[in-house]
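Chemist: Structure incoming, see below.
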Amino acid sequence: MKRNKQIDIKACILPFLTLYLRYLGLTPSMMGLLMSTKHLISLVWSPLASFLSKHYNKRRAVITGSLVCSAGAALILLLIPSTGVETLTSHCNISHLSVSSTEELSDYVRVVGSVMSTTHTTIVSQSATHESSPTETTIDTVFRCFNEQSHNLHISAATFQQCDFSVVTKKEKQREKDEARLEFLGSLKVMDVQHQLFFMLLIVVSIWELMAAPLEWTVDDGLYEYLDFVDASDRYSSTGVWGLLGAVCGVSGAGLLVSHLDCLIGSHTPREAVHFYSYAAVTTLAVPVVAFLPLYLNKKRSRSPGLFKALQLVRGDLCALLCAATAFLMGLAGSEVDDLLLWQMQEHGSSELHMGLSLAVALLSRAAFPLLSGRVSKLLSPGRVLLVGTVCLALQCLYYSLLWGPWAAIPVQVLSCFSSGALWWAVQVQCEDVTTPGTERSVRRVYQALSLDLGAGLGSMARGFVVHRFGVSVLFRGVAVMLLLWCLFLPLLQWKAPPQRRINYSRLLASDTSEVSESESEQETDWLEKAMEDDEQ
């Protein structure tokens with residue numbers, strides 16, 4: 001059987017989503033509420049959609065609809081204009097003008113002012129009145145026009161009038177565009193423009209998550225039941241590694257593509273829009289593949305134990321509860337890293353290339369942990385691995401608060417091998433200790449929901465207000481302190497609650513056949529020996 005190679009489609013856009021929201025003009029508190037809503041929708045809708053698609057046997061239709069509709073919803077985000085309060089400079093190469101070129105531009109402006117001071121004053125006043133971005137002004141256009149039509153500083157009045165006419169015509173068209181955008185935002189006059197933008201984004205992102213959330217669980221259920229049907233369920237664990245490798249391709253490819261683009265369409269289109277187009281393109285290409293997915297519906301398992309049974313198993317084991325609390329804190333801290341690390345890197349001069357490479361190194365490090373899990377399990381118990389992983393995550397957060405350059409975040413991403421890979425390995429081992437037949441995946445999903453959705457959602461909600469008041473660096477330090485404090489209490493709690501190992505029913509069932517054969521052979525040997533003794537007598 002061929003292995004199931006997966007490409008994480010969301011990796012093309014989700015790590016860079018907060019950068020685009022920041023460009024649109026959202027405040028950190030608004031962005032935190034938006035991302036929190038996204039996580040909480042996924043927490044509720046993913047299991048419900050998976051159950052409905054299985055109940056009505058519509059998995060393939062759900063997967064196809066999820067791909068198509070999520071691509072459309074992602075492109076709708078590009079139609080929403082910004083508030084004009086741009087909090088990051090990402091317009092072409094204009095935002096990367098050096099100091100020397102700025103001073104040169106000022107010299108030319110002073111020369112122009114000495115030749116035609118009246119007209120120059122009119123242009124500058126119009127630019128100051130109608131332009132919100134400090135880098136895109138009429139002076140830039142005047143400078144380019146003069147640079148093309150003159151080879152010295154002796155500029156004729158006719159040449160200047162020609163340039164002035166083209167500039168005014170171009171600027172009149174651009175005001176018209178800005179007014180159309182403001183009319184779109186000004187349809188709701190009850191609130192200011194920024195709150196209008198927030199509620200529009202909240203609606204679009206909610207629809208997008210409703211469309212995209214059923215994809216992962218539905219594909220996962222169909223694939224697992226197919227592998228179980230062909231007696232190859234042991235290969236199911238390798239799908240996670242392929243998903244991480246697909247995510248590496250997504251973040252590195254998108255970062256490399258965006259970093260080499262000066263502009264996509266025009267001077268008012270941010271480069272971050274390429275992530276949305278890449279997401280839509282990859283999603284569209286994945287639609288024909290759905291017809292060949294090896295999905296299978298096992299009707300005999302329609303009444304298999306669900307998440308409620310898994311919750312009862314986790315609640316009944318003290319070590320499992322400690323592991324669940326650690327997974328929750330890991331999700332809370334992970335949401336800060338996922339949403340704000342690129343902010344921090346951008347403020348220190350990192351481009352999309354640096355960001356993509358940094359995320360790729362982290363994902364590769366996490367994917368490499370299964371190669372080390374055998375040696376680590378001999379040296380450390382799962383509880384100790386949980387502790388080491390939490391310490392590594394705390395050190396990463398502390399390091400992120402002290403960045404100093406574009407490439408500074410890349411070396412520490414190697415610790416993701418333990419802060420993410422080792423943590424999830426310890427969680428998986430804990431799942432095996434508390435599961436009963438048929439509940440393995442349900443227990444694992446409980447931990448994932450606590451981490452990726454509930455912890456991340458509450459973390460996003462709280463972190464927006466902290467960043468708004470104290471900044472990103474203070475938030476990372478606070479998260480590091482919180483994790484280190486948990487590392488101090490976790491060994492004590494583990495000592496107070498010794499592991500209560502239950503019978504591993506999965507391993508027991510796997511070894512049942514061999515045990516039966518051995519017992520039968522022993523009975524045959526006993527019968528033969530007894531018969532030989534009777535003959536001797």
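Cβ atoms are placed via backbone N, Cα and C, with glycine included.
What TrEMBL shows for this protein is this:
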type     : residues : note
TRANSMEM : 7-24     : transmembrane segment
DOMAIN   : 11-477   : domain 'Major facilitator superfamily associated'
TRANSMEM : 61-80    : transmembrane segment
TRANSMEM : 197-219  : transmembrane segment
TRANSMEM : 240-261  : transmembrane segment
TRANSMEM : 276-297  : transmembrane segment
TRANSMEM : 318-335  : transmembrane segment
TRANSMEM : 385-402  : transmembrane segment
TRANSMEM : 474-493  : transmembrane segment
REGION   : 511-537  : region 'Disordered'
COMPBIAS : 515-537  : compositional bias 'Acidic residues'
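In terms of burial and nearby residues, how do these features look in this structure?
Modeler: Proximity of distant same-chain residues to the transmembrane segment (276-297), defined by a Cβ-Cβ separation under 8 Å and at least 6 residues beyond the stretch ends, is recorded for 4, 7, 9-10, 12-13, 20, 54, 57, 59-60, 63-64, 67-68, 70-72, 74-75, 77-78, 219, 222-223, 225-226, 229, 250, 253-254, 257, 264.
Tertiary proximity for the transmembrane segment (385-402) is limited to same-chain residues at least six positions away from its ends with a CB under 8 Å from its CB atoms, namely 323, 326, 329-330, 333-334, 336-337, 341, 344, 376-377, 409, 412-413, 415-416, 418-420, 422-423, 425-427, 472-474, 476-477, 479-481, 483-484, 486-487, 490-491.
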Chemist: Can you tell me which recorded stretch out of 61-80, 197-219, 474-493 has the most Cβ pairs within less than 8 Å of the transmembrane segment (318-335)?
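Modeler: Ranked by Cβ pairs under 8 Å, first place goes to 474-493.
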Chemist: Mark yes when the transmembrane segment (61-80) and the transmembrane segment (197-219) have three or more Cβ pairs under 8 Å (sequence separation 6 or more) and no when they do not.
Modeler: yes
Chemist: Within the domain 'Major facilitator superfamily associated' (11-477) only, compute the mean pLDDT.
Modeler: 77
